[in-house]
Every structure is written in C-alpha cells, then in structure tokens.
Amino acid sequence: MSTANCSNTHLLPFLLIGIPGLEDLHRWISIPFCFTYIMTLLGNGLVLLTVRLDKSLHEPMYYFISMLAVIDLIFSTAVVPKMLGVFWLDSREIGFEACFTQMFFIHTFTAVESGVLLAMSFDRYIAICNPLRYSTILTSSRTAQIGLLCLARGAGVMTPLMCLLTSLPYCKTRVIPHSYCEHMAVVELACANPSVSDLYSLIVATLLVGIDSVFITFSYGMILRSVMRLPSQEARLKALRTCGSHVSIILMFYIGGLLSMYLQIFSSGLAPHVQVLVADLYLTVPPMLNPLIYGIKMKQIQEGIFRLLGQL
C-alpha cells in the first residue's frame, strides 16, 4: 500500500468483531457480562460508600481496599459498556483515539492494581510483624502518597508505549478480532515493524510483574513466619483468614493476566474465541469478585455496611 494511502487510513476508526466465531451467540453471551458489570458497580460502590461514611474504617488497610475498588470500576467501565454495545446493538465501530484511550486505561490500571496489591502486602506485613509502629509508618498522608505513586508509575510506563503504538501506520484491515482494543490484536494490524513496541511492552510487563511478585511473596512469607509464632490459635487463624483472602485476589490477578497474555502469544491451534473469552473474563470477573473477597467479606466492612443500612 502506498504512503499516501497509509496516511489517509491511519486515523480511520477500527471495527470490533466481538467474539470471533460466536457472533450468533452474542446476545446470550452478553447476559453474564452484563450481570458481572452490574455486580461490579454495586459491590465496589458499596465498599467505597461504606469506607467513606464510616469513620471507624478510615485506616490505611481500608484506604487500599478503596483504591482497589476504584481501579475495578475504571477497569470495567473502560471495557464492558463498549463490549455490550457490540453484543447488543452491533455497534462495532470505535474511533482511532478512543481505541488507544481504552487500551491506555486497561494497561495503565493493570499496572496500578499491581502496585496497590504490593502496597497492601506491605500494609499487612507492618500490621502483623511490627504492629506497634503501624500507625507511625502508615499514616493517612503516606497511604495517599503510595496510591499516587502507583498511579504515576502505571501512567509513566504506559505513556511511552502509547506513543510508540499510535505512531505506527495502520494500513491493513481495520477489523480487530476482539471485543475490545486488546494490545496484541491491534498491533497485528500495523503495516510497519512493531518490534520496538513489542520489546518495550515485554520488558515493562516482565519487570512490573516480576518485581511486584517477588516483593509480595517476600512480604507474605515474612507474615506467615510471624503468624506461626503467635501464641494464640485464634489470633493465628484470624491473621491467616485475612491474609488468605488477600493471597486469593493476588493469585487471581496475576494468574489470570499471565494466562490471557500467553494465550495471545502462543495461540497456535487454539480457537480464537477461546483467547477472546479468557481475556474478557480476566477483565470482568475479578472486579466483581474483589469487593466480595477483599471487602464485604471482612468483618469490619460488614459491620460498616450494616450500620450504613441501618441509618437509611
């Protein structure tokens, strides 16, 4: 294709397929995704409202849970409404800028969530291993600074990648075989060599996941060692229950993300709709489960919700 034609088509809208091969089932498939989105809005909204109005929950641990709830709301809202538009209304077109904006939000807040999960592991480490200094180490202002640092890190590593991707000429088909602007699906439409952006994204993903995972594993390893030394069995069980819910969310986040990424990279012989469904579930199911496992399940937040409902 000529350079003139490339420049003319560079900023044209993309077209989202939805779930390749399952187009006839889009309306049925949309039902569970709509349900998960509604539950995500209700669950995370309830956690945020409870922490905001109940002053007894104005502590670092609950602030971090609130950050996770905000991330989940942004995650879902960046993906699900457009996905349902494709499924219900056959609204497949997405503008060039809108596509990369959606991609930016998805990947930025993936990095932000990884940072918040690391901060939460640090919070539990201090609370269990060094409880007498907890209030002096993790103040409200320091908690806010950690949240802003996580946001700055996520945006900082994603901005160069977005610059690299938007500078590529997209001269091939405008059809994205996905239900949202997934990074690898979009890059395959470029008619220039994307090796620089691919290398950058691989390095960034490896460093973020690798470094955060190492520190999270270290934190919970130290927590487990301290918990096993507690004299009271009740105290040990309470600490293990709290940390167990944290670890379940962490495993779901990292394993789901890695599975989605590797299925996109090593897709030989795998049906396209399987790859897309795994990616869709990764971005929609954890945000629904997080407030249930991390927030509403906690006794303090349960009591806060009951107090909030009692005032209505």
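Glycine is treated like the rest: Cβ placed from N, Cα and C.
Where the annotation comes from TrEMBL, it is an automatic prediction and has not been curated.
As written in TrEMBL, here are the features:
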TRANSMEM  28-49  transmembrane segment
DOMAIN    43-294  domain 'G-protein coupled receptors family 1 profile'
TRANSMEM  61-84  transmembrane segment
TRANSMEM  104-126  transmembrane segment
TRANSMEM  146-170  transmembrane segment
TRANSMEM  199-223  transmembrane segment
TRANSMEM  244-265  transmembrane segment
TRANSMEM  277-296  transmembrane segment
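By number of Cβ pairs under 8 Å, the transmembrane segment (199-223) is matched best by 104-126 from the list 104-126, 146-170, 244-265. Note on the domain 'G-protein coupled receptors family 1 profile' (43-294): mean pLDDT across this stretch is 85.
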